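Swiss-Prot annotations:
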type	residues	note
SITE	29	site 'Important for structural integrity'
BINDING	54, 55, 56, 57, 58, 105, 132	carbamoyl phosphate binding site
SITE	145	site 'Important for structural integrity'
BINDING	271, 272, 273, 274	putrescine binding site
């Protein structure tokens, strides 16, 4: 019997497995844009646990399940006994008998880890205080769609501007997994921690990528292909007032036209959204032709479809790359013939 796998952290997957997920997502995106909805998840049910509110995560997962023939069950805060009257472990065991896969967006990373360790079904991390792996996958798809002409992903540099949020950490995890050069341009005290850098170092040893943490804007932005930012209050929301946040990050770490001009001419701007206009990014940048933030939001759906198929379709129950290649051929044929409509 094959060991159950979960999507808690991309460090648990090889570069080849991540690239395969990306390819599944891109092929299904193309198929659906052409009006073909492969029913790969027919009769499957996703249970969605939310300790935090969400727009993109909830809508993306629900839409993905519907498009592929399945059903999503929303479990809102206060509607289930997660960690309250009922333990996290007991909740996981019960839901394992009722649904086929779980997604959890939680306040503490340990909660989703405990769900995964106890559940008999796959568990997907929809975001925790440590990382945001589904965002990682959607962002990777977006970068592949917007690669500079003549460049491979391994040739690209991505710069994260600002606070060391879980999205910043996840951006580094994915970039170094893919062999990219990653830079965090942020102030001391708000830079990625040693536990994050250890993962990046391990990734780079395998992929040939690199990482750098700096307060020097010119070093950070030189030849950047992608610039990414997030809100300024991620992990430190309870520690800093709005006035203190602005004093720490503004204006040096605001993504504006001047900062963009220091990057490569073909640079693309990324943001996980929602954005606080006028703080971490100006309207001029967020709405610019080089901004790909709406593509990113759409590719959350692309990523969710890929993950759900990867973990629930029988061809990829075992995630070895040989199986991935076999399923790749099956999916190619299915999409070409428009089967399952």
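Using N, Cα and C of the backbone, Cβ positions are placed for all residues, glycine too.
Everything Swiss-Prot records as a feature, shown here on the structure.
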residue : record                                    : Cβ neighbours (10 Å)
55      : carbamoyl phosphate binding site          : 11
56      : carbamoyl phosphate binding site          : 19
57      : carbamoyl phosphate binding site          : 21
58      : carbamoyl phosphate binding site          : 18
105     : carbamoyl phosphate binding site          : 24
132     : carbamoyl phosphate binding site          : 26
145     : site 'Important for structural integrity' : 16
271     : putrescine binding site                   : 23
273     : putrescine binding site                   : 16
274     : putrescine binding site                   : 11
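For residue 272 (putrescine binding site) paired with residue 56 (carbamoyl phosphate binding site), the C-alpha to C-alpha distance reads 9 Å. Checked against residue 145 (site 'Important for structural integrity') by C-alpha proximity, the binding-site residues 54, 57, 105 yield 57 as the nearest. A coil conformation is recorded for residue 274 (putrescine binding site) in the three-state DSSP classification, outside any helix or strand.
Each residue in 50, 52, 59, 60, 126, 127, 300 lies on the same chain as 54, 55, 56, 57, 58, 105, 132 and has a C-beta within 8 Å of the C-beta centroid of that carbamoyl phosphate site, without being one of the site residues. Sequence-distant neighbours of residue 29 (site 'Important for structural integrity') (same chain, 6+ residues apart, CB-CB distance under 8 A): 299, 302, 305. Within 10 Å of the Cβ of residue 272 (putrescine binding site) there are 25 other Cβ atoms, across all protein chains. If you take the Cα of residue 56 (carbamoyl phosphate binding site) and the Cα of residue 274 (putrescine binding site), they are about 9 angstrom apart, rounded to a whole number. For residue 58 (carbamoyl phosphate binding site) paired with residue 274 (putrescine binding site), the C-alpha to C-alpha distance reads 14 Å.
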